[in-house]
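Encoded as structure tokens, here's the structure I'll be asking about.
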């Protein structure tokens, strides 16, 4: 690249200095009007990374790519009936309490089973529960809890059950076109900034509906309009697969079901990953089962025939005996869990960078190319002005 004339360099410096001064004056004026921290360079932010909280499931943490749910973000969990949506959300509640946080459950469906929640590890004595009379009331309660900054997790079960007051006060058969969608759109606009500011995780459980007259494509949709789809940083599609049979005397009895959780949207890691978990009836996600499977695939736990072994020590013949061993030896469970997470670069409560649209390896080269292009364009313009 040819060296710039001396006069051209002086003009460039003067031009750049004036722009920098104008920018600094504008930043000072914005901070004066709206307060310190209202605008800043991204590199000056104290928190450039997104903190995460474990979902309570190792397989789901891996599928999420970041090690859990991002704090200060909206999560949507949807799927067919009895697919395990509430179970997935309750595991998040139990995990939040385990980490010393406070969780709230907005039960719009009025269907929460305290005994089942306790079986999943939820401390029901500490859980904040609200069963609102209308959708507006439920969202207002959620908003006040989030604004307080004292709640770490808010679960709304479910969006479909958030019935607008006008619909409740009206008669059955009255038309209320778009009423719930407008309510959710307004709620998302109000809650979005507050959720991010307080670092609260907001989980919205949603149901499925079918579009009438769809001949091609997926006819499934979720109620409540499109606002939640846009504002959600993570969307999980939960689907029940095959039934799990028991062993011994229960070999003909269904004791659980294999459930597939697909990450259909993810703003902090690559999307479209899947997690397959075993949801045992009355117990929730089998943590020993998912750890045994993943650790075996990574060869952390060795499998020879029907025997499972760890560090040359046999831990059980058959998967059920190996699961039982892991459940009875929590120190071994935690040790293997840490090894698995380290393999995937996941640590509980870690911070992860925002996912960029381009490959990170190419970023420095692209940035240099952009800077060089801008400099050349500026120089060409200045040379033309001098010639004139």
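A Cβ is built for glycine as well, from the same backbone N, Cα and C atoms used for every other residue.
I grabbed these lines from Swiss-Prot:
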BINDING   79, 80, 81, 82, 83, 84, 85, 86  ATP binding site
COMPBIAS  357-369  compositional bias 'Basic and acidic residues'
REGION    347-372  region 'Disordered'
Within 8 Å of the Cβ centre of 79, 80, 81, 82, 83, 84, 85, 86, which other residues of the chain have their Cβ, at the recorded ATP site?
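Filtered neighbour residues, in order: 238, 240.
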According to DSSP, folded down to helix, strand and coil, what is residue 86 (ATP binding site)?
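The three-state answer is helix.
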Per DSSP, to which secondary structure element type does residue 81 (ATP binding site) belong, with helix, strand and coil as the options?
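Where residue 81 (ATP binding site) sits, the three-state DSSP reduction gives coil.
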When a 10 Å sphere is centred on the Cβ of residue 80 (ATP binding site), how many other Cβ atoms does it contain?
14
Test of understanding: give the count of other CB atoms lying within 10 angstroms of the CB of residue 82 (ATP binding site).
10
